[in-house]
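As written in TrEMBL, here are the features:
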DOMAIN    2-77  domain 'Trans-2-enoyl-CoA reductase-like NAD(P)H binding'
BINDING   47-52, 73-74, 110-111, 139-140, 244, 274-276  NAD(+) binding site
SITE      74  site 'Plays an important role in discriminating NADH against NADPH'
DOMAIN    81-318  domain 'Trans-2-enoyl-CoA reductase catalytic'
BINDING   225  substrate binding site
ACT_SITE  235  active site, proton donor
DOMAIN    324-387  domain 'Enoyl reductase FAD binding'
Ligand code: NAD
Ligand code: NA
C-alpha cells in the first residue's frame, strides 16, 4: 500500500510508519549530538507517544540513559487503516532504545483509568526495580472518564469571556481563514477542567505513593502553556486556561506533599508554542505559531519539541539554570515570551492577510512541522514505495 497524506482541517487522517521512524531518529540524533547529562534513572511518562512527551522520553533515554515506561492512547493497524502516528513513534522509539540496551516499556490504553495505574505500579514493583525517580505528565485529551464517579467528561476549546473571532491557518486547504470560538457554558468549563486539569495527575501520584514506588528525591513535572497577549482570548482566558490553572494549583499541593515525604518536587512547566497533534486543532494557534517561527528563526532562537525539552531537562529540571517565575512555574517558554519577540509577532499579526500570510509568516516551516508529526515531508523517505501493512501489523509497541 502506498500511503499519502490526507488532512481534514488541522487533523491528519493518515500517517506514514516509515516517516515516523525518521521523525524519531532525527530527535535521537539531536540528543546524541549534545553532551550527556546526569538525570533520573527510572522514568514514567504519561503521554509518551507524541509531541512533548515523546521528546522528553527521547532526551531522557538517549541523553541521560534513563529506563522509561510510556503510557499512551494509540491504535495499531486495523484492516486497511494504518494506525496512529503515536503508535509508530512508539515502535520506532523502542527499536532505537533496544539497540542501545535502554529498557523501554509501553502501556497502550487509558491513562485516566485506575486499571492503568494499577498495571503500571505492578510492573514497576515486579520488573522495573521497584521505584521511579521522575514522572512526566504530558497528556492532551478531549475526553476523560472519571474513575471515581464513572462520568465521562468532554473538554471544549472555547472562550470564557466573549465570542472570539480571529484568523487561523487551515493546513488542509492551505488558506488563512477566520474562525470563531464561542463562549463556554459553566458546565463546559467544569468539564474541561475535569479532563485537562490536575485531578488525574494527583490520582497518579497518590496511587504511586500508596504503591510504595516513589524514590527519595522523586520529581514530577506537568506540561502546560500560557502564551502571549495575542492568544489570551483562546488560551489563557479560554476553557483550556482554566484547566491549566487547576494544573498549577495541583502542582503546589503535590509539591508540599512530595517535599515532606520524599524530599521531592512537583512543577508545572510552561513550554513554547509548537505544532503538535493537540495544538494544530486549537483555533488561531497555527497562525500564531507560523508568525512566531518566522521571528524566532530570524533571531536564531527557534526550538522544536526536542530542543525545547532537552533544554528544560538539562538546564532546569536536572541543571543549574532553572528559569522559574514568581508562581513557581518552570519557564522554558522564556525565549518565546521575550519582549522583542512578542513585539515583532504583534507587528506581523497586525499586517497578516489571507493574501500575504505565506510570505510574512513561516508558513512553510509550520506546515512542514505539522506534516512531519505524521511522518510526511521528510526528504529522505520514499513516499511512493509500497508499505507492507501486513508485515507492519506484526509490530507492537
Ligand atoms: P500530543 O497530542 O502530541 O500528545 C498527547 C499525548 O497524550 C499522546 O502521547 C497521547 O497518546 C496521550 N494521550 C491522550 N489521551 C490519553 C489517554 N486517555 N490515556 C493515555 N494517553 C493519552 O500533545 P502535546 O502538544 O505534546 O501536549 C502535551 C502537553 O504539552 C499538554 O499538556 C499541552 O498542553 C502541553 N503543551 C503543548 C504545547 C504546544 O504548543 N503543543 C505548548 C505548551 C504545552
Ligand atoms: Na505528549
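Backbone N, Cα and C define each Cβ position, glycine as well.
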Enumerate same-chain residues with a sequence separation of six or more from residue 49 (NAD(+) binding site) and a Cβ-Cβ distance below 8 A; give 'none' if the list is empty.
-> 70, 72, 74, 86, 87, 89, 90, 397
Give the subset of the binding-site residues 47, 51, 73, 244 lying near ligand 2, defined as CB under 6 A from any of its atoms.
-> 47, 51
Check the domain 'Trans-2-enoyl-CoA reductase-like NAD(P)H binding' (2-77) for me and report the mean pLDDT.
-> 97
Which of the recorded positions 49, 110, 139, 235, 275 have a Cβ less than 6 Å from any atom of ligand 1?
-> 49, 110, 139
For residue 51 (NAD(+) binding site) and residue 225 (substrate binding site), the CA-to-CA distance in whole Å is 13
Rounded Cα distance in angstrom between residue 47 (NAD(+) binding site) and the residue listed as 'substrate binding site' is 16
Only counting partners 6 or more residues apart, tell me which same-chain residues put their Cβ under 8 Å from the Cβ of residue 275 (NAD(+) binding site).
-> 286, 289, 366, 369, 370, 373
Given the recorded positions 74, 110, which one is most crowded in terms of C-beta atoms within 10 angstroms?
-> 74
Across all the protein chains here, work out how many other Cβ atoms are within 10 Å of the Cβ of residue 47 (NAD(+) binding site).
-> 26
Provide, as an integer number of angstrom, the distance between the C-alpha atoms of residue 110 (NAD(+) binding site) and the residue listed as 'substrate binding site'.
-> 23
Between the residue listed as 'active site, proton donor' and residue 139 (NAD(+) binding site): CA-CA distance (Å) = 17
Across the domain 'Enoyl reductase FAD binding' (324-387), DSSP yields 31 helix, 2 strand, 31 coil
What Cα-Cα separation, expressed in whole Å, is found between residue 235 (active site, proton donor) and residue 73 (NAD(+) binding site)?
-> 24
Relative to the Cβ of residue 225 (substrate binding site), which residues of the same chain, six or more apart in sequence, are found under 8 Å away?
-> 235, 244, 270, 271, 273, 333
Secondary structure content, the domain 'Trans-2-enoyl-CoA reductase-like NAD(P)H binding' (2-77) (per DSSP, counts of residues) | 30 helix, 15 strand, 31 coil
